[in-house]
Amino acid sequence: MSDSQTLVVKLGTSVLTGGSRRLNRAHIVELVRQCAQLHAAGHRIVIVTSGAIAAGREHLGYPELPATIASKQLLAAVGQSRLIQLWEQLFSIYGIHIGQMLLTRADMEDRERFLNARDTLRALLDNHIVPVINENDAVATAEIKVGDNDNLSALAAILAGADKLLLLTDQQGLFTADPRSNPQAELIKDVYGVDDALRSIAGDSVSGLGTGGMSTKLQAADVACRAGIDTIIASGSKPGVIGDVMEGISVGTRFHAQASPLENRKRWIFGAPPAGEITVDEGATAAMLERGSSLLPKGIKSVTGNFSRGEVIRICNLQGRDIAHGVSRYNSDALRRIAGHHSQQIDAILGYEYGPVAVHRDDMITR
C-alpha cells in the first residue's frame, strides 16, 4: 500500500517479563496481536527482542549461577532458542512468518558486513516476513557486543530504512526527573534534539533483568533521529501503544527526526559502535566543531583501544565528552606514534603515510 510504513519495535526485558523473573506470555500475545494487525494493513514490522537470558533462566528452573559472563552466555544460549520459538508460535497464529537475525558489533563496524545485514533485513521485509533481531549474546564478547538492545534497535532501524523506532519500556517515557523518587517529575512529550541537559536527566532503569536504561534509550534516539527516523519511548503496558504510534497519536516521549537526515554512508558512521577512542586538544575540538575541519595528528592527545585503519572511532574532548565519530585513516598503534606531531612528520615516523589527516571531515560526524 502507498502509505505503508516501516516500524522497528524494541521490546525490553522488563516489558517481556512484566518485572518478574519469567516471560509474561499473555502480554507478549497482546503485543504480537498489535504487530499482526499492522502487518495485515500493509506495514513492515521489525522486532528487536530482549529476554533470551530471562527465558534461559526460566527454562532451567532458575539455577544458582555465578555472576559471570560465561553464566549469562549459558543462559542466553538456552534461552535464545526458547525465545525465537515463542515468537514463531505466536506470529504463526496470524499466518505470519518470522526470520531470526543475530547480530554483533562486528556486523556494524565493517561497511561490507553492514551492507550485507541491510540487504538480508530488507529482503525479509520485501517478502512480508517479520525480522526478529537480537544480539548474539551466546558468543558475543565485550569487544564485539553492541552492548544493549536499545542501541541495537537504532542500528536495526537504520538497516531497515525505518520510518519510526518505538522503544517500549517499563516507564511512560522520558521525565524531567526520576518519577520513582520525585513526585514533581513531568513527562517530556516532545524532543527536537538530544543535548547535554537532556543526557543529564536520563537516569538508569532499576530493572535488574536487562542491560539498558533510559540513558541508552537516549543514545538510541539520538542515533535514529539523526538518521531521519522518528523515535518514541513509551510504556509497553499501555493498551494499543504500537497501533497508536503508527497512527501518530501522542504517546510517551517523541524524538522528532532531524529535518536533514544523514546520507547513507554517514548513517553507518554515526550508528556503528566505536572500535576505539581518541582524545583531542581544544584547538582540534574548535576546528572540528566550529569550522568543520578534518582531524590532524597534531591535535591528538591520547588513543584508547586497539583498532584497524578504516574502523569507526569515537573522538572526545579533554573533558571526556563525545564530540564526533569518524573513520580512522590510521590504526591505533600508528595514531599513538604520530599523536601530537605535524602531518609533515608522518612518513618519517611511520615509514609510510595515508595522507595528512587522522580522520577526514568527509568521514566524520560531529555530535
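Just so you know, glycine gets a Cβ as well, placed from its N, Cα and C.
According to DSSP, Thr216 (ATP binding site) sits within a helical segment. Annotated ATP binding site per Swiss-Prot: Lys10, Thr169, Asp170, Thr211, Gly212, Gly213, Met214, Ser215, Thr216, Lys217, in sequence order.
DSSP assigns Ser50 (substrate binding site) to coil in the three-state reduction, outside any helix or strand. Look at Swiss-Prot and you will find Ser50, Asp137, Asn149 tagged as substrate binding site.
According to Swiss-Prot, the feature domain 'PUA' maps to 275-353.
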Looking at the binding-site residues Ser50, Thr216, which one has the fewest other Cβ atoms within 10 Å of its own Cβ?
-> Thr216
Give me the Cα-Cα distance between Thr216 (ATP binding site) and Asn149 (substrate binding site), rounded to a whole Å.
-> 9
Counting Cβ atoms within 10 Å of each Cβ, the densest environment among the binding-site residues Lys10, Met214 belongs to Lys10
Check: min Cα-Cα distance from Ser50 (substrate binding site) over binding-site residues Lys10, Asp170, Met214 goes to Lys10
Pairwise CA distance, Lys10 (ATP binding site) versus Asn149 (substrate binding site), rounded so that it is a whole Å = 7
